[in-house]
Amino acid sequence: MRIFSGIKPSGDPTLGNYSGGFRQYAATQEMGDAYFCIVDLHAITVEYDPADLHERTLDLFAMLVATGLDPDRSTVFAQSHVTAHAEASWLLSAVTSYGQLGRMTQFKEKGSRQDFVSAALFNYPILMSGDILLYQADIVPIGDDQRQHLELARDVAERFNTRFGEVFTVPEGVYPEVGARIMDLQDPLGKMGKTGSSEQGTVRLLDAPDAIRRKFRTAVTDSGREVRRGPDKPGISNLIDIMSVATGTTPDAVEAEYGDAGYGAFKQAVGEAVVALLEPVQQRYAELRGDDGELLRLLGQGAEKARAASAPTLERMYEAMGFARLR
Ligand code: AQP
């Protein structure tokens with residue numbers, strides 16, 4: 001089984017990234033031949049500071065390892081180190097529908113927040129399709145916000161296979177049962193993101209314990225007193241999901257334990273559970289982040305493995321599309 005997923009070095013990672021991303025990566029790496037990519041080419045699709053990109057890439061690599069990836073077992077690498085990604089993206093743009101790209105909600109949402117909307121932001125899902133398809137991934141562990149992009153990647157694979165012959169495995173998205181979309185603690189109808197959500201409602205994996213406690217203490221709740229999930233309780237439902245993710249118990253068990261505890265006590269308990277979850281991650285991160293040389297060595301090792309794994313697919317793409325190859 002081939003597994004692929006990517007994460008953008010676009011800001012300090014959040015509890016949302018942990019829930020839909022990191023924890024799924026660590027779990028799925030046990031299932032087969034796994035590729036995890038720091039998608040730095042995706043990070044330039046919106047306004048960013050070139051002075052930060054290098055450090056953010058190393059930060060994210062250290063966080064991937066701190067949350068459980070083993071770079072000797074899995075292939076962990078940076079997208080820009082493997083030129084096949086940019087090449088595949090151009091080739092796949094020939095079988096991607098312009099209309100479908102324009103319907104992507106992330107493009108519309110992120111585009112509306114930018115003064116300058118780049119063509120790269122519009123083309124983002126093509127690059128993402130190439131990321132996945134180059135590795136012939138069977139499964140792609142992601143959060144709910146990437147569902148529409150994954151569907152597009154499947155359409156692109158199918159259109160290519162129909163037009164040029166069977167080259168690609170059509171990938172399946174894998175979403176967590178609980179915590180597929182963690183919401184902003186201050187606005188439980190909006191996603192918690194590295195960018196775009198409120199600072200007070202966004203829990204970052206490197207936040208100090210007291211900052212985490214404060215963010216949960218001030219989290220927006222709903223009417224009523226009962227700790228239970230429901231469409232009328234977006235704030236409490238989100239906190240129940242977070243408690244379930246942090247402690248590895250089911251949302252039903254969380255409701256059974258805290259149903260009558262009152263919102264204040266429940267929020268405090270969720271804060272403590274998240275602090276306990278992140279403490280060892282932060283410790284491991286600090287150890288790893290102290291050694292740039294080792295991180296770069298491991299990134300180099302990942303790049304080599306990723307180049308070797310993606311090159312045959314890229315070659316098959318060129319051949320299937322009829323290009324004259326020099327061999
Ligand atoms: N709130 C979330 N709940 C569950 N999963 C989430 N993910 C992101 N936010 C949540 C998942 O994290 C993985 C890596 O995300 P990404 O780096 O590809 O960027 P994104 O999906 O666009 O998320 P962000 O954090 O909000 O970044 P920005 O602000 O830069 O766009 C993905 O699997 C994603 O589903």
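Just so you know, glycine gets a Cβ as well, placed from its N, Cα and C.
According to TrEMBL, the protein has these features:
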- Lys8, Pro9, Ser10, Gly16, Asn17, Gly143, Asp144, Asp145, Ile182: ATP binding site (BINDING)
- Asp131: L-tryptophan binding site (BINDING)
- 9-17: motif ''HIGH' region' (MOTIF)
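Counting residues per DSSP class in helix, strand and coil order gives 3 helix, 1 strand, 5 coil for the motif ''HIGH' region' (9-17).
There are 21 other Cβ atoms within 10 Å of the Cβ belonging to Ser10 (ATP binding site). Ligand 1 lies under 6 Å from the Cβ of the following binding-site residues, listed in sequence order from Lys8, Ser10, Asn17, Asp131: Lys8, Ser10, Asn17. Comparing the binding-site residues Asp131, Asp144 on other C-beta atoms within 10 angstroms of each C-beta gives the minimum for Asp144.
The two recorded residues Lys8 (ATP binding site) and Asp131 (L-tryptophan binding site) have their Cα atoms spaced 12 Å from each other. Put simply, the residue listed as 'L-tryptophan binding site' is 17 Å from Ser10 (ATP binding site) when counted between their Cα atoms.
In the structure shown, the C-beta of Ile182 has more C-beta neighbours within 10 angstroms than that of any other entry among the binding-site residues Lys8, Asn17, Ile182. In this record, ATP is bound by Lys8, Pro9, Ser10, Gly16, Asn17, Gly143, Asp144, Asp145, Ile182; the longest C-alpha to C-alpha distance in that set is 19 Å. If you take the Cα of Asn17 (ATP binding site) and the Cα of Asp131 (L-tryptophan binding site), they are about 19 angstrom apart, rounded to a whole number. Secondary structure from DSSP puts Ile182 (ATP binding site) in coil. Taking the motif ''HIGH' region' (9-17) as a whole, pLDDT averages 97 in the prediction.
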